[in-house]
Amino acid sequence: METGTFGSNPRREDTIKRKKRLAYDIMRRELGIGSDGRQKNATRLLKQDMIPESVADTIIHYNARCYSGQFSDDGNFFFSCAQDFKVRMYDTSNPYDWKYYKTVRYHGGQWTITDASLSPDNRFLAYSSIRSIVSLAPTDPEDDSEPHMLDFNNMGTSNPRGFHSHFGIWSIRFSGDGREIVAGTGDSSVYVYDIERRQSVLRIPGHQDDVNAVCFGDSQSPHILYSGSDDTTLKVWDRRSMGDGREAGVFFGHTEGLTYVDSKGDGRYVLSNGKDQTAKLWDLRKMVSKEKADTIDPYRYTTRFEYRSNGYDYDDFRPHPHDCSLVTFRGHKVLKTLIRCHFSPPGSTDSRYVYSGSYDGSVYIWNMDATLAGKVNVLKATKNSRPRDPDLLAGTYDYWGRNEGKWMTCVRDASWHPNAPMIAATSWNGWGTTQGTCTVHTWNDGVEDDEAEPKVGRRVNAQLQHDERLYKSHEGRSRRHPVWYDDMMDDD
């Protein structure tokens, strides 16, 4: 792990030494001291030390829970998905000066938007709900056409399916060539949809429970893909030999269902989050063969933990006897919702870290040896950052149970900018977690405030517009629902 695969990991003793080292490295770089090779290596180490911090540069407020948000691979684009069935898009070509782009909707959705995926050329955004329909919308702000509706239940006339085949989609991803979309669904299956043919070309009922997450193994190839399920397994599929429904291999190690999987993009390493309160790193070379996997019953090692309503009892945890993961990451909380984890990008961090959202309101950042490298405390950064109105809470279903409108934060997703020391965290956030936020956190060398404009901690609405009403006292109460709560976040 000290090789270049995941970046270097020099030892640190304390914060003071880190800051001295950082200042020293900057001085050497500015003076041009050392050979080209040494300067290049010093620049890489410099980027790795710039871990985003808890202070929020910007807090974007939504009137609905935020379920996911990601930067594009080139960093020029960011989208966030909310429970109001809207996807907001932003121009982030200057990561320190975001511009509102456009909003698209999912018509006829159920409960929320479950996932979204950007095409490799950034021209289209696919997004799903708990239905068999995926919406495909253009990202061009000048194109206001209705999104295309892709029916994953359509298998073509050669392979008709019965009327009982309705299912919800939990996860979607574009292939590296942009021609196909893979989906994980509530009918325990993986679907592959051909965009040009407008139909699903493959359905694999390869799991024993919901498939909560899918991803491709190589960003440049459509062949290898992964699927993570509530049956506790992470399966590997080869697109070239999926016709017989046989997986290429299986990863065992989680003792509860998987909530997310993320590929490093090199066709070798993959990361998963699980309801057993762990994230795990896997190597494709250590997967269990199909033949051996058939002899292992995954349900033998699980308690079927109900993560939506209970706290996790760590006394019940038993290590999986067939665990083939490389590293296990702990400390975060995977409760209430399908919380996501990711590899840090190669451009801004040299792929040195992995990170995850958490039910306790933070983003956890780990080194590859599972030690904690940093933590972004979104709860601390956002608490009381919008006024409180009890009538607004009364009209909203509180997934956490009635807690008298207590401010709560659950970070469901986070995205590290590919070219800057910046993390955007999307959360269920607010009084009773009935609203949502997208918070932008950057490296600021431990300073709580700065002299630059705009000031850190600014509060804006979904269109990035300043609204003084967001700064009203959170103790303020009204006897009726104030109109501005509705129109403040309106995208129309």
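For all residues, glycine too, the Cβ spot is worked out from N, Cα and C.
The repeat 'WD' annotation in TrEMBL covers 169-203, 204-238, 251-285, 348-369.
Across the repeat 'WD' (204-238), DSSP assigns 0 helix, 23 strand, 12 coil. Across the range of the repeat 'WD' (169-203), the DSSP-based residue counts are 0 helix, 22 strand, 13 coil. Predicted-model confidence for the repeat 'WD' (169-203) is 97, expressed as mean pLDDT. Only residues 6 or more beyond the boundaries of the repeat 'WD' (251-285), in the same chain, are considered here, and those with a CB under 8 A from a CB of the stretch are 5, 171, 209-210, 212-219, 221, 224, 226-236, 293, 296, 298, 301-305, 307, 312, 314, 317-320, 322-330, 332-334, 338-343, 351, 354, 356, 366, 368. Remark: secondary structure over the repeat 'WD' (348-369) totals 2 helix, 10 strand, 10 coil, with classes taken from DSSP. Per DSSP, the secondary structure of the repeat 'WD' (251-285) breaks down as 2 helix, 20 strand, 13 coil.
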